[in-house]
Each structure stands twice: as structure tokens, then as C-alpha cells.
Amino acid sequence: MQNYQQPLRVGVGGPVGSGKTALLEALCKAMRDHYQIAVVTNDIYTKEDQRILTEAGALEPERIVGVETGGCPHTAIREDASMNLAAVEALAKKFGNLEVIFVESGGDNLSATFSPELADLTIYVIDVAEGEKIPRKGGPGITKSDFLVINKTDLAPYVGASLEVMERDTERMRPERPWTFSNLKKGEGLQAVIDFIVERGMLGVRG
């Protein structure tokens, strides 16, 4: 008989360098005093994101597990999510009372999606530095994720990106689906992500 609770599993995806790990660090630090949290990171050949989160003090080290996927990062979160499912189950059993487990995908493209067996909610992170055209390119990450984060808004003037254009295209590509602009260096947009997780994940507001 299962003697541990099933946590809410939140998948966090997005291209390399978009700010997935920075978002996870910020989420963990903001939520850890109110909820029981753990993280599973995915890297192809290393456990670099696990190391970054651990050294940043996002959570206690034993709450952060790194998975080396090898090969294509899409497969490890979609077609064959067995390594990630095993890591999630191991963490849930170890702590018994986990309420949220974040699963960070390896760097991927706009077509990557999480298996519904692995993630109850999905957050997709893109960044302004990739260009204002990214939202209108579509792909499941843009159109199907439960929540979209457009990060690094502070870079817009330097890359010639119009936030107004990005907002218009985002609203067109994912009507009725929530999203936010963010500048995680300053904490901008973070609360919108937390509110989404708490509300959609039915966690209950605390703190």
C-alpha cells in the first residue's frame, strides 16, 4: 500500500538559455517556506543544472535530483519518461509529504512537450533575446503549455524586439491561456507564475 502522497508535478521546459533554471531557483526560494518541494533536473551528459540549483541554495541538496538523459532531451520527457518517472517516485517516497515536484527538461525546441504521465502542469519559458518572432512561430511549447513565460524583457531594447508585438502574437497564438512577461533578475513576473501553480495545482494559498 502506498504510504506517501502524490505531489503535484510541474514540468518546466524551454530552449537552452531561456531561463528555466533561473525560474526554478526563484520558485523554490519563494515557495519553500510554504510548501514541501523537490526538483528533478535533466541534462544530456552532465548534472549541471542540479549543481547550479544546489550551489544557489534553492533547496536542501537531497531535494534536488539530476537525471542524465543521454541523446535527445525530448525523449526523456515524452516518449520514454521512465528515468524521470523513477526519479519523481523516489523523491516522493523519500520525503513522503512532498506537495510539488518540478521537472526541468533539458534544453529543447518549440516542439517539445511533456508526457501527461510525467507532468500535471507545464510551464514553458522563452526569452526576448531569441527575437520578437518567437511567439508567432508557434509549436506546442507556445500554444499548448499551461503557462508561458517570456523572460528577459530587459533585453528588448538591445535586440530590437518589441514587447507590444510579442504580446499581440502571444495572445493570438494561445487565446485564453495564461502567460506573463518576466525579468527574473529583478523578480518581475515571478508572482504570476506562483499564483498559477497554486491556483491550478489546487495547493491552497499559504504565507
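Just so you know, glycine gets a Cβ as well, placed from its N, Cα and C.
Record features, source Swiss-Prot:
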BINDING   Gly14, Pro15, Val16, Gly17, Ser18, Gly19, Lys20, Thr21  GTP binding site
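In this structure, the binding-site residues Gly14, Pro15, Gly17, Gly19 were compared by how many other Cβ atoms lie within 10 Å of their Cβ, and the smallest count belongs to Gly17. A sphere of 10 angstroms centred on the C-beta of Ser18 (GTP binding site) encloses 25 other C-beta atoms.
Looking at Lys20, Thr21, the binding-site residues in this record, the fewest other C-beta atoms within 10 angstroms of the C-beta turn up around Thr21. Shown in sequence order, Gly107, Val125, Asp127, Asn151 are the same-chain residues outside Gly14, Pro15, Val16, Gly17, Ser18, Gly19, Lys20, Thr21 whose Cβ sits within 8 Å of the Cβ centre of the GTP site.
Other Cβ atoms within 10 Å of the Cβ of Val16 (GTP binding site) number 10 in total over all chains.
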